[in-house]
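Have a look at the structure below, then the notes.
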Amino acid sequence: MLTITQLASELKTTEEEILQKAVQLHIRLQMRGQKISDSDAIALRGSYDLPKEDTDSESVKCIVSIPLVIPLKDLAVRLETTTSDVLKVLISNGVFANINDELDYDTAAIIADEFGFQVAEEKGEMDDQMDDVVGTDNRLKQLLSEEKKKNLKTRPPIVTVMGHVDHGKTSLLDAIRNTAVTVGEAGGITQHIGAYQVEKNKRKITFIDTPGHEAFTQMRARGAQVTDIAVLVVSADDSVQPQTIEAMNHAKAAGVPIIVAMNKIDKPGADIERVKRDISQIGLVPEDWGGPTICVPVSAKKGTGIEDLLEMILLVADMGDLKANPDRAAIGTIIEAKKTASKGVVATVLVQAGTLHVGDAILVGSVAGRVKSLFSDTGKKLKEASPSMPAEIAGLSEVPEAGDIMQVMDSDRTAQQLAKMLERRERALRLKPSSRVSLESFYAAAKGGEKQVLNIILKTDVKGSAEAIKDSFKKIQTDEVSVDVVHEGTGDVSPSDITLAAASNAVVMGFNTKVTVAAQHLVQATGVDVRTYQIIYKLIEDVQKAMGGLLSPEEITILRGRLVVRGIFTHSKDRWTIGGLIQQGFIKHTDKIVIKRGEEAIGKAEILSIRREANEVKEVKDGVECGIMLRKVHGEIKEGDFIDVYIVEKRERAL
């Protein structure tokens, strides 16, 4: 307890004024040296408009600007502390580092908060232009969708040819282009991605050739999708094979229409009806069977059906209404890139919008350059490349990756400065933990609203196991959450499974299978969640738990703390000072409260401060007497009323 003299000193007033205030508040004080009870002291403080009462109890934090990546030593300097103190905070948060490490922005923000600072991202002169950098396929789609219709012109379709090994992908492209692409390539398997244009009915078609459909998916995993139509090559004498299904699932995951080219119809064992029956069983029902899938019988060797295939590609393209603005600054996607002794860094780029010119300043991922030369797929020197046109460019300072998006900038200086900023952002992302989907992240991210889907790539020992697991998945689905088996197959988990999972935001689950060494290396690079099981119910149990996390959480209101009012000391307008006893739970100084009379809610307010035994405290618990100052009071408080604190808990729902 305080004396009148001590309270007067605290409130920066005189003892006489304290005595006068006591009379007004009906508090019995007679002598200057008399002790004041805690509740009386709170009432007297409440009668003074103190500056600190008009602000929240937490002090305003100083703001410090930091970049997306900052060396630990530099952060310590900006926070006006030592590197050892920063290291202590990191260790207390489970992060082990040394003074030479770099920290990402989010980690630095946590440390800054510990030292009483609030962080803001350090801005540079080029930051405003960062919004114009495309960077991802979603941003590209958004940008293309914002184009005015009057500026759009029809562009050629971009086609990817996919299929099982030795079913004739390269031979088919060879027949289409009428060039000897197959010669010199080991085992008939395409060694590099190529992009080519052909002409049919005075209209152009662009073909991308991908080895084993993996590069196609790797580009998607990097955020790029350039394909409009997928041609799935199926050998008429071999029909559907594991890689046929794999290729189909990759195309379906990309959301592109599929045309089936039934190749090798010239061979003695060719059976077109068998192919149609087999593809219908994997979800590609032919048109003449009442389904949506166009099937074209072809022979790459004889040249049979090639014209029909091109006609069908143009028909599907017309249905897709493919258009782009050729008059804007060019944007495209890198198909492949390499470094040569004669030209330096060269890259195959597929222009998706605008027109690319020789001399243009370009930004490719985080690499800047200037287009020194342009060559067509036939080696012809070009001055420009229009939408859907593949071209080989030279002039980049470093080798970009397949899937990187190329964008023309207004100057070399802009391209170089933005490249540096993007490189810093990439470093920041590398420092952060993987954001790939996992069963734990699904379990933790309980979302409401639209139906949630857990994408799974399923690899099993035998086909029967896959059927049993999928049947179990159907039984645990609800209107809110479901499982989508993006791809299923038998055998070990392969690198192709990992690239598809990365592109489709899927979890890889194996039953009685192993993960190949090559796939394990890719898992480490991509952060894809891979799980293997020997017992089916364990697999189903994990999926069920993850799906439960996708259910909209159940919200439950709980009484966390209750104070019974035993005295009203002062009130004016919307501010009250009261005393009471905590009957249940606990109350914090930052709580919002409900005023109840019996079981009826009669008002609400916010706690400004709590005092106990002359000290301002942050929390009071059950059985403790205290004084509370309230603000924003809506309603009238009387002795015997309850001051209740409620919290809303989100509880996981089980399927």
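Just so you know, glycine gets a Cβ as well, placed from its N, Cα and C.
TrEMBL labels come from automatic prediction, so no person has curated them.
Given the structure is predicted, the values throughout are model-derived calculations rather than measurements.
The following features are taken from TrEMBL:
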type	residues	note
BINDING	163-170, 209-213, 263-266	GTP binding site
DOMAIN	154-323	domain 'Tr-type G'
REGION	157-305	region 'G-domain'
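Within 10 Å of the C-beta atom of G163 (GTP binding site) sit 26 other C-beta atoms, taking all shown protein chains into account.
Mean model confidence for the domain 'Tr-type G' (154-323) is a pLDDT of 83. According to DSSP, K169 (GTP binding site) is assigned to a helical segment.
Counting only same-chain residues at least 6 apart in sequence, those with a Cβ under 8 Å from the Cβ of I265 (GTP binding site) are A236, I272, P297, V298, S299, T304, G305.
Mapped onto three states, the DSSP output places G163 (GTP binding site) in strand.
Using a 10 Å radius centred on the Cβ of K169 (GTP binding site) and all shown protein chains, the other Cβ atoms total 29. Every protein chain shown contributes to the tally, and the Cβ of D166 (GTP binding site) ends up with 16 other Cβ atoms within 10 Å.
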